[in-house]
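Asks: Have a look at the structure that comes next, please.
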Amino acid sequence: GMVLQEPAGAPSPSTAAGGVADATAEVQLSRLRWAVLLLFSSYSLCNAFQWIQYGSINNIFGHFYGVSAFAIDWLSMSYMLIYIPLLFPVAWLLDKRGLRLIALAGSALNAMGAWVKLGSLKPHLFPVTVLGQVICALAQVFILGMPSRIASVWFGSHEVSTACSIAVFGNQLGIAAGFLVPPVLIPNVVDVEKLAYHISIMFFMTAGVASALFILVIIVFKEKPPNPPSRAQALIQSRPTAEYSYMQSILRLLRNANFLLLMVTYGLNVGCFYALSTLLNRMVIHHFPGEEVNAGRIGLTIILSGMVGALISGIWLDKTKTYKQTTLVVYIMSLVGMIVYTFTLSLDRLWVVFVTAGSLGFFMTGYLPLGFEFAAELTYPESEGTSSGLLNVSAQIFGIAFTIGQGQIMDHFGTKAGNLLLCSFLFLGTVMTAFIKADLRRQQANLENEQT
């Protein structure tokens with residue numbers, strides 16, 4: 001009773017000689033797939049919360065530890081910096097050892113980092129909080145490349161884009177919580193002892209949740225379902241492992257012109273989002289002094305509207321399969337949203353900032369699952385972990401460059417000049433996206449198998 005037949009005319013059950021499932025193996029959906037997806041989304045949420053929990057109240061943590069705003073920015077940028085060199089070893093592990101080991105490592109490191117931060121509740125212990133954040137950043141390497149892989153391994157062809165959107169959701173919801181919760185739990189008070197008490201509440205809550213999720217991963221998270229959920233996945237599982245070379249896979253991806261274009265454009269868009277998230281507190285406080293809680297709420301608005309955008313784009317892709325057109329439209333609207341946000345931030349109307357930031361988030365955050373799924377289509381049958389990992393490396397590199405660049409421009413020339421930098425790069429990304437050809441290889445594989 002653990003499986004449901006996939007509706008789209010699955011082939012009859014059959015196995016190849018020697019008991020190895022071939023491409024005509026029975027295609028079935030496991031009910032456990034939703035539990036696996038929810039669990040992944042939950043510990044991804046917890047990890048993303050720890051990414052932005054310092055940046056969302058940059059000024060308060062700067063006062064507590066007696067360090068500069070730039071030092072607090074680096075707590076966020078450590079996530080981006082550590083991802084870049086470690087992506088390839090972790091993606092190799094994902095291909096060699098599978099989903100379960102990567103899930104265990106990601107959730108364990110996430111819990112460990114949260115507990116280390118509890119040892120940093122004195123102003124002179126900033127290096128300890130840096131160590132805790134670095135461990136959480138290591139956990140993120142085991143998390144970011146997973147959504148499209150989990151979607152492909154566990155979900156049918158008619159729901160794979162929706163599943164990928166939900167997997168990305170967890171991370172976005174964590175960032176939303178990271179904007180909302182810290183300003184509420186930690187008031188901007190001068191007394192360092194009071195600050196330490198409020199910070200300890202947040203750190204204890206995070207450590208407790210992260211530990212509970214790690215235990216659940218040990219109990220619930222399985223490597224893969226008993227049967228392949230789609231014909232495309234059946235084809236991949238039927239391929240002999242000796243055929244697959246990780247380095248050859250990366251080289252094939254780097255020779256794929258459409259994927260390279262997508263890699264750069266994804267990096268530009270998501271890098272802008274990372275910079276905007278990291279520096280949002282500084283931007284809002286500059287125009288609206290003393291509004292830390294509302295700065296967090298504006299961040300929350302960006303993420304929540306983006307989650308709606310991500311879900312709508314995932315469902316839209318499953319219905320229409322118009323990857324190129326959807327990606328281009330969302331990219332253009334991200335650019336328009338960024339321009340409107342840039343020129344309305346200085347109007348001294350807080351409600352206007354909420355509206356413009358929300359519309360920007362709808363498209364900019366809604367773009368995340370689009371990039372993953374478009375990459376999976378352009379690069380099939382290569383591993384989704386490798387393709388989405390390369391997308392994320394591009395995003396982290398641009399994220400660090402944009403965060404440092406925009407931060408410096410804001411310090412010297414003001415927030416408008418900093419935001420115009422992001423607008424110019426989003427315009428470049430829009431033009432490049434128009435040149436990507438819609439070579440939908442995964443769709444073709446599913447269609448050919450259906451006909452066979």
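Any Cβ shown, glycine's included, is placed from N, Cα and C.
Just so it is clear, the model here is predicted, and its values are computed rather than measured.
This is the feature table in TrEMBL:
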{"type": "DOMAIN", "residues": "36-441", "note": "domain 'Major facilitator superfamily (MFS) profile'"}
{"type": "TRANSMEM", "residues": "34-54", "note": "transmembrane segment"}
{"type": "TRANSMEM", "residues": "74-94", "note": "transmembrane segment"}
{"type": "TRANSMEM", "residues": "101-118", "note": "transmembrane segment"}
{"type": "TRANSMEM", "residues": "124-145", "note": "transmembrane segment"}
{"type": "TRANSMEM", "residues": "166-185", "note": "transmembrane segment"}
{"type": "TRANSMEM", "residues": "197-221", "note": "transmembrane segment"}
{"type": "TRANSMEM", "residues": "257-276", "note": "transmembrane segment"}
{"type": "TRANSMEM", "residues": "296-316", "note": "transmembrane segment"}
{"type": "TRANSMEM", "residues": "328-344", "note": "transmembrane segment"}
{"type": "TRANSMEM", "residues": "350-368", "note": "transmembrane segment"}
{"type": "TRANSMEM", "residues": "389-405", "note": "transmembrane segment"}
{"type": "TRANSMEM", "residues": "417-436", "note": "transmembrane segment"}
Asks: With pairs restricted to those 6 or more apart in sequence, evaluate whether the transmembrane segment (328-344) and the transmembrane segment (124-145) have 3+ C-beta pairs under 8 Å.
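Replies: As far as Cβ distances go (cut-off 8 Å, pairs 6 or more apart), the transmembrane segment (328-344) and the transmembrane segment (124-145) do not touch.
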Asks: Could you check whether the transmembrane segment (389-405) packs against the transmembrane segment (257-276) - three or more CB pairs closer than 8 Å, residues at least 6 apart in sequence?
Replies: yes
Asks: Sort out for me which stretch, of 197-221, 257-276, 350-368, has the most Cβ pairs below 8 angstroms to the transmembrane segment (101-118).
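Replies: Stretch with maximum Cβ contacts: 197-221.
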Asks: Could you pull out which residues elsewhere in the chain have a CB under 8 Å from any CB of the transmembrane segment (166-185), counting only those six or more residues past its ends?
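Replies: Sequence-remote neighbours of the transmembrane segment (166-185) are 37, 40-57, 143-144, 146-148, 150-151, 198, 201-202, 277, 280, 292-293, 295-300, 302-304, 306-307, 310-311, 314, 365, 368-369, 372.
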Asks: Which sequence-distant residues neighbour the transmembrane segment (350-368)? Criterion: at least 6 residues beyond either end, Cβ under 8 Å.
Replies: 168, 172, 266, 269-270, 272-273, 276, 284, 287-288, 291, 294, 297-298, 301-310, 312-313, 327, 330-331, 333-334, 337-338, 340-341, 344
